[in-house]
Amino acid sequence: MVKICCIGAGYVGGPTMAVIALKCPDIEVVVVDIAKPRIDAWNSEQLPIYEPGLDEVVKECRGRNLFFSTDVEKHVAEADIIFVSVNTPTKTRGLGAGKAADLTYWESAARMIADVSKSDKIVVEKSTVPVKTAEAIEKILTHNSKGINYQILSNPEFLAEGTAIEDLFKPDRVLIGGRETPEGRKAVQALKSVYAHWVPEDRIITTNLWSAELSKLAANAFLAQRISSVNAISALCEATGANVSEVAYAVGKDSRIGPKFLNASVGFGGSCFQKDILNLVYICECNGLPEVANYWKQVIKINDYQKSRFVNRVVSSMFNTVSGKKIAVLGFAFKKDTGDTRETPAIDVCHGLLGDKAQISIYDPQVTEDQIQRDLAMGKFDWDHPAHLQPTSPTAFKQVSVVWDAYEATKNAHGLCILTEWDEFKTLDYQKIYDNMQKPAFVFDGRNVVDPEKLREIGFIVYSIGKPLDAWLKDMPAVV
């Protein structure tokens, strides 16, 4: 029986291993993590992450051929294939701070594998890592090998949160990179045979190690670039009276471009886009390619610009001050159908409003008050470091309250900002919301989920990203 062990029980490790266990009943899969509360959660009725369909998969396999454990060394020693899916946060200090990936957790995982292994291993990079990480890991393993052979593979994940299980069941592609040596090819074949249990042969792509590592960074950079492209056009639409939805629809009808990732918004978020682009920028700089680095930097600059432009619209339309005014924020997660708040644009928007002394009332159907307060209190890249290294009890923002329904959030508010495109926000009773708000009542739709004309008929002053401006907003500058 092949044994697989995955180090790291997070957003990637948990769902990926659960699906491998479901599709390969003949393989024993163990997910290990040093964080006991996290493993306890995976073994309980209340899983530590929310992902549609994940519960059913875990409950079907858990205890049969899927196990969650804190006994890291035992299971690593017994495994044939070891997936490493630990955090690779952006460095906050030292060389490359603010851009380079911090490989501390990766390196300690590699050293631990070398310490406890008694048989040959295939080690698979599952975390998003900078190009050439495999080389460093290989060196650590071979210099500590005690006669054991290690093969390093890169098998990046291409999951989208909210559809991760669906993406795992029917992937666009599975990418496996390995050394172009007989041993390397044999290792690639071994991993390929795991995925071949359910993924059609023509969807499993094999490449060299560096191509696989770089493909992940490049794919995320291309996706983020599309969002920044349409967001850049949205600013021009507001200035000229064009409608970004119409422009994006017309552009997306071109089969070479296609319609996906062309929704203008307050900005992109998520744990990967910004991190991976910063990483790409750093690698370009290190390889003496400043022009390429500057090209990709612009993608992040436009994203930051879009968030500050949004805050600016809010403040300038409300008589240039939100001090002491209640502002409702609907949605805090970085996108709908996930409770994930990593790098969500809502953090920067809230910071901008708090900077002007607003009173904020937040409602999100999946995000807890504790999470929101932590996110608002944390430093820029802190979220990606282990919990015990994060500020323990962040100072809660007195001007922020978190409530459990949209009507409560908007009661007596001067303005309401929609920052996540949850479906329920489309069907709220906006007449009831209007009646309970201070007048003039403003709606700032950062996700283009509401119909601005309908809301204007009720009496709202509406700002929708990239849509023709309300007469009220016409004379106000887009950015201070």
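Just so it is clear, glycine is given a Cβ too, placed from its N, Cα and C backbone atoms.
Listed in TrEMBL:
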type: BINDING; residues: 8-13, Asp33, Arg38, 86-90, 127-128, Glu161, 272-275, Arg342; note: NAD(+) binding site
type: ACT_SITE; residues: Cys272; note: active site, nucleophile
type: DOMAIN; residues: 328-452; note: domain 'UDP-glucose/GDP-mannose dehydrogenase C-terminal'
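What TrEMBL annotates, mapped onto the structure for a quick look.
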{"residue": "Gly8", "record": "NAD(+) binding site", "Cβ neighbours (10 Å)": "25"}
{"residue": "Tyr11", "record": "NAD(+) binding site", "Cβ neighbours (10 Å)": "20"}
{"residue": "Asp33", "record": "NAD(+) binding site", "Cβ neighbours (10 Å)": "23"}
{"residue": "Asn87", "record": "NAD(+) binding site", "Cβ neighbours (10 Å)": "19"}
{"residue": "Thr90", "record": "NAD(+) binding site", "Cβ neighbours (10 Å)": "21"}
{"residue": "Glu161", "record": "NAD(+) binding site", "Cβ neighbours (10 Å)": "23"}
{"residue": "Cys272", "record": "active site, nucleophile", "Cβ neighbours (10 Å)": "23"}
{"residue": "Gln274", "record": "NAD(+) binding site", "Cβ neighbours (10 Å)": "23"}
Pairwise Cα distance for Asn87 (NAD(+) binding site)/Cys272 (active site, nucleophile) [Å, integer]: 11
What is the interatomic distance between the Cα atoms of Gly8 (NAD(+) binding site) and Cys272 (active site, nucleophile), given in whole Å? 17
Cα separation, the residue listed as 'active site, nucleophile' to Glu161 (NAD(+) binding site) (Å, whole number): 11
How many of the residues that make up the domain 'UDP-glucose/GDP-mannose dehydrogenase C-terminal' (328-452) does DSSP mark as helix, as strand and as coil? 42 helix, 19 strand, 64 coil
Distance [Cα-Cα, Å, rounded] between Asp33 (NAD(+) binding site) and the residue listed as 'active site, nucleophile': 21
Residue pair Thr90 (NAD(+) binding site), the residue listed as 'active site, nucleophile' - Cα distance, angstrom, rounded: 10
